[in-house]
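Scroll down for the structure; my scribbles are underneath it.
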Amino acid sequence: MFWVPYSMTATLQQMNVYIQYPSLLLNVIVLLVSLKIPSSIPKTFCLNLTFPCLLCTIYHLFSYHLQSIFLPYIENFNKVYMTIDGTLYTVLNQAALTSYETQATFSILLAYLSLTKPFFYQQWVASRAVSVGFLLTHVLSWSVAIEVNMERLWGYLDLYGTEVLYVHTMARLFVQAMIYVALTALYLMTVIRLIAFYRKKRSVARSQFTRWRILLSLLVYSTPPNLFLIAGIPGNYCSAYVYVFKPDGYATGSSDCDAVFDLSIQLITLRLFVTSLTALIVFKDYRRVICSYAKWIVRKTPMFKFKTYPSLLLNFLVLLVSLKVPSSIPKTFCLNLVFPCLLCTIYILAEYHTQFIFKDSFSLPYIITFNTLETVLYQAALKSYETQATFSIFLAYMSLTQPFFYQKVVASRGVRVGFIFAHVLSWAIAFEMTFEVHWYYWRPYSEQILYVHTVARLVVEGLIYVAMVVLYFMTLFKVISFYRKSHSVPTNQSARWRILLSLLLYCTPPNLFLIAGIPGNYCGADVNVFNYTHTLNTSTCGIVYDFSKQMVTKGADAENEPSGCKEYCFGSDYVSSSIT
C-alpha cells in the first residue's frame, strides 16, 4: 500500500506558507523583466504563464492571512462559504498547473518548428497563429480547471445525473492524457533534434544556431517542472477516483489514491515556485537583465550596507531566539553581547541614511559629536566581545574543571556581577578612546595625563588579550583531553563539555578578525596620541589603523553570521543544558 508519512505532509504544508512570498516576488520580477527584453518565444511563454500563477499565489496569500476572519464559517461548514472558497482554490490551482502543461507544449512546438520548418513557422507568425494558439491554451486550461471543480462540487450540489458526471470526467481525463502524451513526445523529439543539431553545429547558419539555443533553453526550463508533473499525474487521476468513481462504501483516507492525491495537492505551491524561478535562471534574456540589475545594485550600493543589513537582522534573530531557549552560559553571553552590537549597527545605518542632512556640517560641535558616537559605539561593541567572551569561556571552563566552585559562583550571583563588570570595563575603554581622539581638538588637560591614561588603557587591553589567548588554548587542550575519555564520563559532564566546545567554536571566527585588529588598536594610539602629526596616508601605523577601522563591521558580522553563528555553534537552542 502506498503511504505518505504524516510528517512529510505537515512539512510540505508549512513549507507552502513560506514559499508563497518568494513565489509572489518571482512572478512580479518576471513581469517587470519582461518589459526590458525583446519579443521572443520564451518571453511570450513567460508572460502567458505568469498571470495564472500570479492569480493563484495572490489567492493563497489572501486565504492564509484572512483565515482567522472566516474561521467561524469553516468550523460550521457553511455551505456558501465552502462552495466559494473551494471553487476559487480548485479553479486557480488547476488553471495555473494546466496552463504550464498546455503552454509549455505549445512553446516547445513553436521552437521545434522554427528550427526544423523555418518557412512554415514564419507563415504562422505572419498569420497571428501564435497569438491564437496561446489564446486557445488559456481557454483549454481554464476549461479543464472549471471541469475539475464541477467534479468536486457534484457531491454538494447534485446538479445532474451520474451518467453526465462520468461523461465529462472521462472527457477531461482524455484531454489531459493527450496533453501529457504531446508534451512527452515533443520533449523526446526535442532531445533527439538537439543532439543531432549539436553534432553538426559548426556547419549551420547563425540564425539556426539562435533557434537551437531557444529550443535548448525551453528544454532545460521544462525539465524541473516536468519532474513535479510526473508526481502530479497520478494525483490528477486519483482526484477523479476520489470525487467521481469512488465505489460504494468508500471512506476518505481508506485508499492509496487518497495519499497520492493529498501529496499532489501539497506539491502545488512548490511546483509554481520552481516554474517561476527556472524562467529567470534558464532563459538568456531574463538572466542577462537580472545580472545587469545585480551589477548595478552592487556598483551603486556602498559595500558596508551588504554587511550591515544582515548584521541588523541577525542581531534581532538572536534576541528572538533567546526568548525560546533555556537559561545557559551561551544564552547569557549572547544576550549581553547582542545589545552593544545592535546599538552599533543601528548607528551605522542611521548615520548613512541621514548623512545628506549633515553633509555640509563641518563645525567643531558636529565633528566632536559624530566622532564620539562613532568611537564609543564601535569600540563598546568590539570590547564587549573581548571581555564577555573571556568571562564566558572562563565560566564554562570552571563548570567542567571545578564544578563545586562554579556552583558557588552561581549561587552568589557572581555570574551577573561578572557580566556587569565586563560591560563597565568595555564602555570605560570605549570612552577612554574617545578622549584620545578628541584631545587634539579641545585639549582639556596636559599631554602627560593623556599619555598616562592611554598607556593604562593599552595595558588593560593587553591583559584582556593575554587572558583570552590563555583561556582559548587551555580550553582547547581540555576539550581534546576530555574527548579522549568521553565514553567514561557522566552525562552532566558531557553537557558541560559540549558548552565549552560550542564557545570555543564560536570564538574562533571573531578571534581571527581580532588578530588583525590588535595591531590597528595600538597603531590608533600612535596616530591619535603619541604622534598625532602623522596622517593615515603618511605612516605605516596610519595605514594599519585605517584598515582595522574598515574591518569593524566585518568583525561584528563574524560574531553574528553563520561562520560564527550562535545558533550554529550552540545548537538549535544554543545548548540544551541545565547548567545556568
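Residue numbering: from 1, along the chain as shown.
Glycine is treated like the rest: Cβ placed from N, Cα and C.
Because the structure is a prediction, the values reported are computed rather than measured.
Nonlocal intrachain contacts for the transmembrane segment (20-37), taken as residues 6+ away from its ends with a CB within less than 8 angstroms of a stretch CB, comprise 43, 46-47, 50, 53-54, 57-58, 60-61, 64, 269, 272-273, 276-277, 279-280, 285-286, 288-290. Taken from TrEMBL, the feature transmembrane segment covers 20-37 (among others).
What TrEMBL lists as transmembrane segment is 49-74 (among others).
If you look up TrEMBL, you'll see 94-113 (among others) marked as transmembrane segment.
Per TrEMBL, the feature transmembrane segment maps to 125-146 (among others).
Sequence-remote contacts of a segment are chain residues at least 6 beyond its ends whose Cβ falls under 8 Å from one of its Cβ atoms, and for the transmembrane segment (173-197) they are 98, 101-102, 104-105, 108-109, 111-112, 115-116, 140, 144, 204, 208, 212, 215-216, 218-219, 222, 226, 229, 233, 236-237, 240. Under the heading transmembrane segment, TrEMBL lists 173-197 (among others).
Here TrEMBL flags 218-243 (among others) as transmembrane segment. Counting same-chain residues at least six beyond the ends of the transmembrane segment (218-243), those with a Cβ under 8 angstroms from any Cβ of the stretch are 41-42, 45, 97, 100-101, 104, 107-108, 111, 148, 151-152, 154-155, 169, 172-173, 176, 180, 183, 187, 190-191, 194, 252, 255, 257-258, 260-261, 263-265, 267, 270-271, 274-275, 278-279, 282-283.
Annotated transmembrane segment per TrEMBL: 263-283 (among others), in sequence order.
Sequence annotations record features per position, and here TrEMBL assigns transmembrane segment to 304-323 (among others).
Marked as transmembrane segment by TrEMBL: 329-350 (among others).
As annotated by TrEMBL, transmembrane segment applies to 418-442 (among others).
The transmembrane segment annotation in TrEMBL covers 462-483 (among others).
Among the features that TrEMBL reports, transmembrane segment is placed at 495-518 (among others).
Proximity of distant same-chain residues to the transmembrane segment (462-483), defined by a Cβ-Cβ separation under 8 Å and at least 6 residues beyond the stretch ends, is recorded for 383, 386-387, 389-390, 393-394, 396-397, 400-401, 489, 493, 497, 500-501, 503-504, 507, 511, 514, 518.
Here the transmembrane segment (263-283) has long-range neighbours at 4, 8-9, 12-13, 15-16, 19-20, 22-23, 26-27, 29-30, 33, 42-43, 46, 49-50, 53, 56-57, 60, 93, 96-97, 100, 217, 220-221, 224-225, 228-229, 231-232, 234-236, 238-239, 290, meaning same-chain residues at least 6 beyond its ends whose C-beta is under 8 angstroms from one of its own.
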